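To start, the structure itself, in structure tokens.
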Amino acid sequence: MKTDTIIVRLGELTLKGRNRRRFEMQMMHQLKMLVFKAYPRLTSTSEFGRIYLQLNGEPYDGVAEAVAKVFGLTSYSPAASTELTLEAVRAAALEAILAIPVLPKTFRVTVRRANKSFPHATPELLGLIGGHILRAIPEIKVDVHQPEAEVTVDIRSDSAYVFTESHPGSGGYPLGSNGKAVLMLSGGIDSPVAGWLAMRKGLKLEAVHFHSYPFTSERARQKVIDLAQTLSVYSGSLKLHMVSFTDIQTKLKQASVDNLMITLMRRAMLRIVEKIAGQCAAGAIVTGESLGQVASQTLPSLNVIGSAASLPMLRPLIMIDKSEIIRMAEQIGTFELSILPYEDCCTLFLPKSPSTNPNINLVTRIEQSLDWLDEALDEAVKGREVLTINMESNEQTDIAGIDSYF
Ligand code: ATP
Ligand code: MG
């Protein structure tokens with residue numbers, strides 16, 4: 001089969017009535033960024049719920065891989081286009097069956113006849129195409145209920161398309177169609193996956209990372225930049241806010257409430273993230289927290305930590321097992337980076353026995369006694385470094401000073 005087209009099916013967005021047009025535009029934007037930019041000879045036509053990508057000589061494998069990254073697509077099929085004649089359609093359908101690596105024992109023909117001027121009605125076409133295949137391949141049979149192969153013939157006004165395969169797309173909603181959120185990006189396995197799931201659900205992200213330079217190294221910083229770069233492949237670019245947490249952490253440590261250290265740190269982080277979210281008009285905070293994973297992710301901890309923020313906390317991994325999270329990390333390409341053994345600011349300051357059941361009254365009393373805290377939070381926000389990470393290369397645009405950013 002001469003694959004010269006990819007038929008792309010749009011997902012949940014087809015259900016969204018009035019918003020459909022907006023969603024399609026947002027999806028086309030990501031499609032342009034991820035697919036058309038890399039493969040400029042592609043052209044496309046669209047109809048309700050579908051896009052036909054004409055390869056025009058671009059490689060199917062590369063284009064398909066890029067298409068699979070676009071959010072809001074349920075599935076795609078490699079297809080061969082043919083002239084609008086019965087002979088051409090029959091020949092292409094036979095060729096498509098013969099191109100299946102192991103010849104199927106049974107098959108079924110499906111026809112979509114959007115082009116009503118094509119000179120045969122659908123039931124007649126089923127017989128004409130099926131009969132042609134049966135005559136050409138004596139050992140094959142028709143099974144309309146559970147066929148090993150299905151050859152679909154899609155007859156449109158410009159040409160007909162024939163395909164036998166369908167592959168799952170990313171699903172979800174088009175990037176940015178559900179607004180904007182801030183991702184708390186650590187160097188671990190979980191938060192990049194949480195970020196990807198959030199993007200797939202239509203959220204545009206900006207990432208915030210806390211470091212404790214010079215306690216954390218230059219290589220730990222590079223690891224987070226590399227993770228952000230991997231995520232930016234899905235969004236075109238990604239803003240990464242690098243916040244120094246050294247001062248706050250050191251002072252919190254001195255306040256010597258060892259088992260509440262993580263609780264206090266996480267609450268301080270959330271307050272900073274919320275301020276950044278306010279400045280970039282984000283409506284939620286995304287984290288990689290997963291229930292029960294560590295002391296700070298028990299229900300009481302999640303409650304006490306989460307109550308420091310007033311924006312909705314989105315925790316896409318809250319109910320997901322680690323093995324499944326790892327599988328997703330491998331699939332999106334962040335796993336190998338995440339397991340590099342560089343230190344994180346929280347692990348450096350990890351107490352011997354972090355509380356799994358922090359008392360909110362005690363925590364707020366301690367915070368109220370820290371007269372330096374509010375100013376330190378503002379300082380951390382002001383002094384942050386903002387990098388714009390681009391999908392194509394690891395080059396970043398440094399935006400020095402926040403004034404030039406806003
Ligand atoms: P990850 O959860 O990404 O695997 P981790 O396991 O080291 O990293 P946890 O201690 O599980 O981190 O932290 C829970 C969540 O808190 C992270 O998923 C992330 O969203 C946020 N977080 C932790 N450390 C940082 C950090 N240094 N900068 C930004 N966010 C962080
Ligand atoms: Mg974790």
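FYI, residue positions are counted from 1 along the chain as it appears here.
Here the Cβ of each residue, glycine as well, is placed from N, Cα and C on the backbone.
A TrEMBL annotation is a machine prediction, not a hand-curated record.
Note that the structure is a prediction, hence the values are computed from the model and not measured.
Among the candidates Q279, Q297, the residue that TrEMBL names alongside M184, L185, H209, F210, R266, G288 for the ATP site is Q297. Close contacts with ligand 2, defined as a Cβ under 6 Å from any of its atoms, occur at G288 among the binding-site residues H209, R266, G288. For the domain 'THUMP' (61-166), the number of residues in each DSSP class (helix H, G, I; strand E, B; coil) is 35 helix, 31 strand, 40 coil. There are 22 other Cβ atoms within 10 Å of the Cβ belonging to M184 (ATP binding site).
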